[in-house]
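Residues annotated as [4Fe-4S] cluster binding site in Swiss-Prot, with similarity to another entry given as evidence: CYS31, CYS35, CYS38. Swiss-Prot lists PHE37, CYS38, HIS39, GLY80, ASP135, ILE136, LYS137, HIS208 with the feature S-adenosyl-L-methionine binding site. Summarising the annotation, Swiss-Prot assigns domain 'Radical SAM core' to 17-248.
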Amino acid sequence: MTEVLGRVHSVETMGTVDGPGIRFIVFMQGCLLRCQFCHNPDTWKIGTGTERSAQDVFDEAIKYKEFWDASGGGVTVSGGEPLLQVDFLIEFFTLCKAAGVHTTIDSCGGCFTRDPEFIEKLDRLMEVTDLILLDIKQINPEKHLKLTTKSNAPIIDFAHYLRDKEQPIWIRHVLIPTKTDDPEDLTKLHEFIQTLPNVKQVDVLPYHTMGVYKWKEMGIRYPLEGIEAPEEEVVALANKILETSSYK
């Protein structure tokens with residue numbers, strides 16, 4: 001059988017914000033979206049990154065198992081968009097589950113499709129996936145298109161797929177002043193989340209500018225220049241509307 005290679009951008013050995021506990025995070029290369037607030041624009045380009053086998057990445061990750069066991073952690077595959085490399089994920093997570101490791105995917109679902117071949121692979125992947133971190137950038141279709149250059153229809157459909165699979169998910173929403181903090185949009189997002197009984201946690205992530213330097217290094221104009229982190233009261237209102245405390 002031909003070994004599946006994944007295109008990996010980088011890894012983080014002791015992540016604490018991408019799933020429960022301490023986690024080994026694999027950032028995959030390639031993404032279809034072009035989010036104006038992306039803090040990893042260097043992961044966008046498809047076909048670049050370092051080619052690595054699932055076994056190779058697993059062998060590096062498993063060295064940190066004692067930290068996962070002590071904290072309830074595991075491995076998270078992020079990006080970029082990890083679902084663009086579903087074959088690699090299946091192989092990598094199969095190795096992880098055989099070793100008793102908790103597995104998480106951080107995805108917006110922007111590449112989701114009902115294509116039978118993709119669904120067949122995704123079904124197999126869900127069998128070895130414990131948790132999905134689903135990033136919903138903007139529930140309003142027009143605003144989502146302007147913010148990311150892509151429709152949010154595949155993302156909404158991916159959420160429906162995960163609901164039907166009864167796959168545990170955490171919803172994550174980046175709160176950006178003037179872009180994603182409109183109370184009306186947040187209310188609609190809350191109403192959508194209420195249709196998903198498989199949601200186990202909802203997180204409001206305040207916008208930050210820590211990735212702006214990457215845009216400058218790549219020679220790309222940063223489109224949100226001048227926008228600062230949201231005020232505490234704005235974050236509090238978002239948490240109230242989304243009822244995040246009810247999931248704790």
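Cβ atoms here come from the backbone N, Cα and C positions, even for glycine.
The number of other Cβ atoms within 10 Å of the Cβ belonging to HIS39 (S-adenosyl-L-methionine binding site), over all protein chains shown, comes to 17.
Within 10 Å of CYS31 ([4Fe-4S] cluster binding site), counting C-alpha to C-alpha distances, fall the following of the binding-site residues PHE37, GLY80, ASP135, LYS137, HIS208: GLY80. Listed in sequence order, LYS137, LEU147, THR148 are the same-chain residues six or more apart from CYS35 ([4Fe-4S] cluster binding site) with CB atoms under 8 A from its CB. Summarising the environment of HIS208 (S-adenosyl-L-methionine binding site), the number of other Cβ atoms within 10 Å of its Cβ, over all protein chains shown, is 14. The domain 'Radical SAM core' (17-248) scores a mean pLDDT of 96 in the predicted structure. Counting only same-chain residues six or more apart in sequence, the Cβ atoms lying under 8 angstroms from the Cβ of ASP135 (S-adenosyl-L-methionine binding site) belong to ASP106, SER107, CYS108, ARG172, HIS173, VAL174. The Cβ of CYS38 ([4Fe-4S] cluster binding site) lies under 8 Å from the Cβ of TRP44, GLY211, each of these being in the same chain and 6 or more residues away along the sequence. Here the binding-site residues are CYS31, GLY80, and the one ringed by the most other CB atoms within 10 angstroms is GLY80.
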